[in-house]
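Peer 1: Mind having a look at this structure? Questions to follow.
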Amino acid sequence: MISKELLNTSFWNSLQKFSPKNAFSNPVMATVWIGTLILFLQILYYLLAGISFRNEVPIFLWLIFTLFFANFAESIAEGRGKARADSLRKTRSSTMSKKVESVGDKVFTETPSNELKINDIVFVEAGFTIPGDGEVISGIASVDESAVTGESAPVIRESGGDRSAVTGGTRVISDYLYVKITTKPGESFIDKMIGMIEGASRQKTPNEIALGIVLFALTILFLLGVLSLVPIAKFVGNEIGQNWNFNFSVWLALFVCLIPTTIAALLSAIGISGMERLIRYNVIAKSGKAVEAAGDIHVLLLDKTGTITLGNREANQFFPSEGITEEELADAAQLSSLSDETPEGRSIVILAKQRYAIRERNLKSLEVKWIPFSASTRMSGVEISENGKKIRNIRKGAFDAIRKHIESLGGTIPQQMQMVSDEVSRKGSTPILVSEGNQLLGIIELKDIVKGGLKERFAYLRRMGIRTVMITGDNPLTAAAIAAEAGVDDFIAEATPEAKLNRIREEQANGYLVAMIGDGTNDAPALAQSDVGVAMNTGTQTAREAGNMIDLDSNPSKLIEIVEIGKQLLMTRGALTTFSIANDIAKYFAILPALFVPLAPLNIMNLSNPDNAILSAVIFNALIIPALIPLSLRGVKYVPKSPDEALFRNVMIYGGGGMILPFFGIKLIDLILAGGF
């Protein structure tokens, strides 16, 4: 929808874009701007010198309209995102924050949010606004992110895991958080969103630059061609015994009608509107290049946790080994999870507490060494010593990682527990093994829930020619069960960050464009390497920085819309380029017979007179720009077809339409000018 307010704002912005600085940002329209300026000076000279003129003023006015409509198309595209930018800008106002020295401090210093530095720690409680982008380092709270996402339902933000990133300008509505600031003032996520929405930081894409060069080259060729008509017309006039006087306005009209002004005028609007359509789907693209690449991707890699499944897995059941009680397993599992800040780790502590009333114990009298989880080792744990002697050595982690750890200490995995692990995996859950020394204590079942509606969405992606691959650290059985339930084409199990990165490089080496969706810090290298890296807004700050798109709704199936918009952008640009060049044919038949009497038989439209023929072509050339603005903003409708079928369809519609429509349009305008309509 284009509101009255948007039209009014775009009108005044279009007038401001007549400045030379803006005019010369588009080389093709710059030639029209220069020609119009020269024609204005000629009219001014004629007025001062008392020389009569007739055709110059109408042509001058319609050239002004041509420039205005080009500016208007760009202003409309920019203005559609301005309302969203204005609402975001309101959240960016400076607020007072409670700065502390460390987590747990009761004493704080009130500091304006625009004075916070990277690594500063702030305390944010219910009812207060988070002063800047950061990572939650302690606490758990409900956060209202509607200012950013437009979604009124609050989300949970907590330390550890992939839900630790918070955005400045969002509001805590329950409990409290300790947040470590990760960005400088003016460089926050909201600042970047505003810049992208308003187009202030929009750079032209490689395809856009390449097309601009081609269009400018065509403009130069037409300029040389039109210049060559001057001596030709003079020669023809002498041959037939007629004096031919050079008329700059007629020459300029011919030049403007022949150069690709239509696509040149709409090129910027097409690019901006592509990004604006993404914004309407709550996706922020950091560059137009990413939007274009989305239209050509062949392979989609999805991280399982938080992307295909509903966020964090939860501990659901304990399966002890033979000779071990369930309570002993729960005790060791809880002990190994006390320093684990991930949601999965906390769920193990909670399950042990609920089942056996096992609470955190006092370890101050003992020597405790926590083994943190890492994506490379895929396990964590604790080593407890007393008087320098190690008394407990507990590990918790993925099946393969714990098996290697136990075998390195001379132990083995019992066949029965192998079967339990396989059964848990076949259900689509994740088995987490707990060991002490070289003995397996048992297995914890972490339950995954696949997001609804994904199977149908992935089937649609398949029809679009996109292959989906799920990447997970789970064992092959669990991965296969979840892959089948979600409907992906392939999966990579027991994947490390290096494996994700290598798979992307392998696909790219085979000539495929790759899209990656992820939300965790360990996804960051893959997101950065992929051609289209879509980071979930619920993910970590590192993931959001690495991706070139951010999905504010954190919905992985939204890639369908992202791909469609990318394809729309490419198809719209191609379709309007074809249309712009094709409609030159009718203009030849309108203007050339008006210039050369011997070419009068080519006046197949039977235009009333040479003056009206030239003016009709100029008017049509101007009016076709606003007529195509809705299409440039909406985009060509995408229907899943093979590239050859899509090309044939668009050539027939926009190439054929580009040749036929001007004949009717120019003739209709000529009839109106001649008073015969």
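The backbone N, Cα and C atoms fix where each Cβ goes, and this holds for glycine too.
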Peer 1: Quick check on the annotations: TrEMBL lists transmembrane segment for one of 579-602, 651-674. Which range is it?
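Peer 2: When 579-602, 651-674 are checked in TrEMBL, transmembrane segment belongs to 651-674.
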Peer 1: Expressed to the nearest Å, what is the distance separating MET379 (ATP binding site) and ASP523 (Mg(2+) binding site) at their Cα atoms?
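Peer 2: So the Cα of ASP523 (Mg(2+) binding site) lies 18 Å away from that of MET379 (ATP binding site).
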Peer 1: Any same-chain residues 6+ apart from THR377 (ATP binding site) with CB under 8 Å of its CB? Would you list them in sequence order, or say none?
Peer 2: GLY397, ALA401
Peer 1: Which of these binding-site residues has the least crowded Cβ, counting other Cβ atoms within 10 Å: MET379, ASP519, ASP523?
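Peer 2: It is MET379 that, of the binding-site residues MET379, ASP519, ASP523, has the fewest other Cβ atoms within 10 Å.
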Peer 1: As a test of the contact definition, list every same-chain residue at least 6 positions from ASP303 (active site, 4-aspartylphosphate intermediate) whose Cβ is closer than 8 Å to its Cβ.
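Peer 2: Spatial neighbours, sequence-distant, of ASP303 (active site, 4-aspartylphosphate intermediate): MET470, ILE471, THR472, LYS500, MET516, ILE517, GLY518, ASP519, GLY520, ASP523.
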Peer 1: Could you give me the DSSP helix, strand and coil counts for the domain 'P-type ATPase A' (96-197)?
Peer 2: 16 helix, 43 strand, 43 coil
Peer 1: I'd like to know if the transmembrane segment (651-674) touches the transmembrane segment (613-631) in this structure, counting it as a touch only when three or more C-beta pairs sit under 8 Å and are separated by 6 or more positions.
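Peer 2: Yes, the transmembrane segment (613-631) contacts the transmembrane segment (651-674).
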